[in-house]
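Listed in TrEMBL for this protein:
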- CYS43-CYS70: disulfide bond (DISULFID)
- CYS389-CYS416: disulfide bond (DISULFID)
- CYS767-CYS794: disulfide bond (DISULFID)
- 15-72: domain 'Sushi' (DOMAIN)
- 74-182: domain 'CUB' (DOMAIN)
- 185-246: domain 'Sushi' (DOMAIN)
- 248-356: domain 'CUB' (DOMAIN)
- 361-418: domain 'Sushi' (DOMAIN)
- 420-530: domain 'CUB' (DOMAIN)
- 533-592: domain 'Sushi' (DOMAIN)
- 594-702: domain 'CUB' (DOMAIN)
- 705-765: domain 'Sushi' (DOMAIN)
- 767-876: domain 'CUB' (DOMAIN)
- 879-939: domain 'Sushi' (DOMAIN)
- 941-972: domain 'CUB' (DOMAIN)
Amino acid sequence: GSIGFKINYKEIDKESCGDPGTPLYGYQEGTGFLNGDVLRFECQFGFELIGERMITCQNNNQWSANIPICIFPCFSNFTAPMGTVLSPDYPEGYGNNLNCVWLIITEPGSRIHLAFNDFDLEPPYDFLTIKDGDQSGAMMLGRFSGAEVPSHLTSNSNILQLEFQADHSMSGRGFNITYSTFGHNECPDPGVPLNGRRFGDSFQLGSSISVVCEEGFIKTQGADTITCHLEDGKVMWSGLIPKCEAPCGGHYSGPSGVILSPGWPGYYKDSLSCEWVIEAEAGRSVKISFDRFQTELSYDFLEVHDGPNLLSPLIGSFNGTQVPQFLFSSSNFLYLLFTTDNSRSNSGFKIFYEVVTLDTYSCMDPGIPVNGARLNHDLSIGSTVSFQCDPGYRLSHEEMLVCEKNHFWSHPLPTCDASCGGDIRGPAGIILSPGYPELYPNSLNCTWTVEVSHGKGVQFTFHTFHLEDHHDYLLITENGSFAQPLARLTGSERPAPVNAGLYGNFKAQLRFISDFSISLQGFNISFSEYNLEPCQDPGTPRFGWHTGSRFGIGDSLSFFCNTGYRLQGAREIVCLGGGRRMWSAPLPRCVAECGSTVSKNEGVLLSPNFPMNYDNSHECVYSIQVQTGKGINITASTFQLAQGDILKLYDGKDGTAPLLGTYTGTLMQGLFLTSTSNFLWLEFYSDQDSTAAGFRLIYHCFELSHCDDPGVPQFGFKTSDQGHFAGSSIAFGCEKGYTLHGSATLKCMTGERRAWDNNLPSCIAECGGSFKGQSTGRILSPGYPFPYDNNLRCTWIIEVSSGNIVSLQFLAFDTEASHDILKVWDGPPENEMSLKEVSGSLLPEGIHSTLNTVTIQFETDFYITKSGFAIDFSSSLATACRDPGIPMNGSRNGEGREPGDSVTFSCDPGYELQGESKITCIQEENRYYWQPSPPSCIAPCGGNVTGSSGFILSPNYPHPYPHSKDCDWLIA
């Protein structure tokens, strides 16, 4: 992957532009960064300056231009005794279509030494060629490509030519080469190995130098000591220049040491799998401490196992920058595994280890989670420790750690994570992007719901905000809908505070979306609640009351009226949010109306405008319906009608019911009237003359006597049952195949005596019938499941939609064999297209028509009767001939069922074919059928049998043979 970037930032004073930085391979002149100050930039020797050489701090606190850059030229001659050669734009990538040439020229009699510090070219299309001399025929010392860093090179002459070519497509990081010059009787300066120390400073012929690697590094090239000697007439070192590198794995058994990621202190490579084993003396433990740790988040992992190998218990898996301060093994082994993917890399890790002695009476320090704290410090056996996270983080698990007798903790150390979404309740808090302060992952969809105290708003303040501009964004809403959010935030400009919750739900929602590509640091947001102005007290309607006593945003009041009054207006009003406080609707009224319909078991009826006078020319109807099985008692607590104004009461559900009485003046005052059902009907009339105070009627219900249970018809069921009280009803239906005879509904009559208005109906299996337009149904023999009668002739006609066929499925069949016969025709009987005739007790196979009509006829004689039959029918669309099946005791050749297809049949030995051996599928408009009909295989009664071997079967075998048969077989 790419090397990425590193950005430094710092606060700046007002009226200042801040330090703009120094170009790579350049330097800055001037020390002031205040308005009006000027800075000058220069490049190191050999580099060219691109951009403005001088920039000015303007009054808007911005520099007049970006700082320039120092680039290494593509063509140049070097005459200094030492220097550096870089590929263009190193290390950002050199670009495409390059052909660069550099000459290093020294004093005659001198030689040149090249040391490769970094090398990364697209193989094999981009390459660097090095020649010894500047002539066209100069000897080539090497041609290099790829990512492997070449070894040191030494010229034989005083001139080296470096030629770099890059093609039109991909590019790598490039190269960084340092050169130095030396005389003919000395070796080139080997330098001081990176991550090592050199002993010896003389490079003359016969001199030696030694190299020792720093702790954590091993010598991967060269010997401990090399000598400048003469070989084949050339002065050179006796071996390769030593190189010290961090190894990929190893076995460590010393009392302390350092473990480094491969490539440290540079970036580690892709696709690594490195294993380290730290072994201590028996009875001792290994402690590791993390000095530095930074890997690619979510992709490059360091696993730490409590034991000697990968199968040992996992202590933790770490990535990004989140690691504990230290970890302990419970035995004398600790195993580390570092794996990386094939894309981005990072600076890696530096880990110190040491061998420690286990305490006999305690557990090892479990550590403290990153972004968290430990609440207990007693580590003795039986003690417990718990943890808490910094604001905005959540514990990976809530279990307390118990120091057990085996010196192990009962659970692993928890982590404190910035999670993807969640519900947060409280007056204040912190919201962090997932993984904060690390880069957030790709392809996120996180939603947080923040709920503060009732009647409060919530304010969000942004402390850190860095998202990929346009592609990654944060939405804030207060109604749960993100289609029209309060704010849509993206980029790296820190947003101003955002207020939410103004509309009374005391909640706000945040949704964070990231795409599949670039990710940044994310956000750190704090929230706090603040007071919202309440609504004013709306009051209480006359003749009513309300529930609810708070008037803050989102609070609601519910209104109710005294008995007999109707609420006019909104039953519930809500204090609305926004810039101006107001209720969602005006205060409702409680009114006594002209007429009403009530269904409660007790209540009050009022004349219009009660307790004030009613108006002239009223015609008001009141209807009372109480629970079924109850009657109604009604009396007047107030009754005062003007002359000519009357109130009529009817004992029923409308004005056709018996009249209980007509009342005017004060005649109904104190009377007690009773209904005989659960209904009362009242009519109030006022004329055009004077009016009065009206009436207030109070009613309640009481139990009425009920009708006896009528039962359920055989083969039937109840479809509804309102109870058995006066005025209630029961409805009945029949099971499939039966017809209801009688009234489908019985009603319990009102009056002095409770009785049903009709007899219980019956469900009958009838003799014949017509089924037109039904896709499914059932046909039963008359009286089924009881024996049918003698001398029956029943006909059923089934007609389905045109283009469909009818299928019959026999559920039960038992008739007098040969005497009580069921006949089935394809269409009406006059078509003479018989499908089947059946009798007896053998359950017939399914029957399928070729037309959309089937006729079924059942005839019985005067003698024996049986239980009869039950047949289900169904319809389906005809698109081909139906499967003709395989005859019992036979076989079929051919599977086609389309028009024109033919199949042939044959019988097993001992059986004869009844019908034609070959049938063909015929189509006539919407009709598909086999011609002739499919045959059957029967065991005949007698016959001539030929052949050297064969079978003779009793008639109808394997079923029982019939009565009264005399069969002869001749075997020839």
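Heads up, the Cβ atoms here are built off N, Cα and C, so glycines get one too.
Any TrEMBL annotation is an automated prediction that lacks curation.
Here CYS416 (disulfide bond) is compared against the disulfide-bonded residues CYS70, CYS767, CYS794, and the shortest C-alpha distance is to CYS70. Within the same chain, residues 842, 909-912 sit at least 6 positions outside the domain 'CUB' (941-972) and bring their C-beta atoms closer than 8 Å to a C-beta of that stretch. CYS43 (disulfide bond) is 115 Å away from CYS794 (disulfide bond) when you measure Cα to Cα. The domain 'Sushi' (705-765): residue composition by secondary structure is 0 helix, 25 strand, 36 coil, according to DSSP. The sparsest Cβ neighbourhood within 10 Å, among the listed disulfide-bonded residues (CYS43, CYS70, CYS389, CYS416, CYS767), is found at CYS767. Distance noted between the C-alpha atoms of CYS389 (disulfide bond) and CYS767 (disulfide bond) is 84 Å. Counted within 10 Å of its Cβ, the other Cβ atoms near CYS794 (disulfide bond) come to 19, all protein chains included.
According to DSSP, the domain 'Sushi' (15-72) comprises 0 helix, 23 strand, 35 coil. The DSSP breakdown of the domain 'CUB' (767-876), given as helix, strand and coil counts, is 3 helix, 57 strand, 50 coil. The stretches the domain 'CUB' (420-530) and the domain 'CUB' (248-356) are in mutual contact, each linked to the other by at least three Cβ pairs under 8 Å (pairs 6 or more apart in sequence). Rounded to the nearest whole angstrom, the C-alpha distance between CYS767 (disulfide bond) and CYS70 (disulfide bond) is 108.
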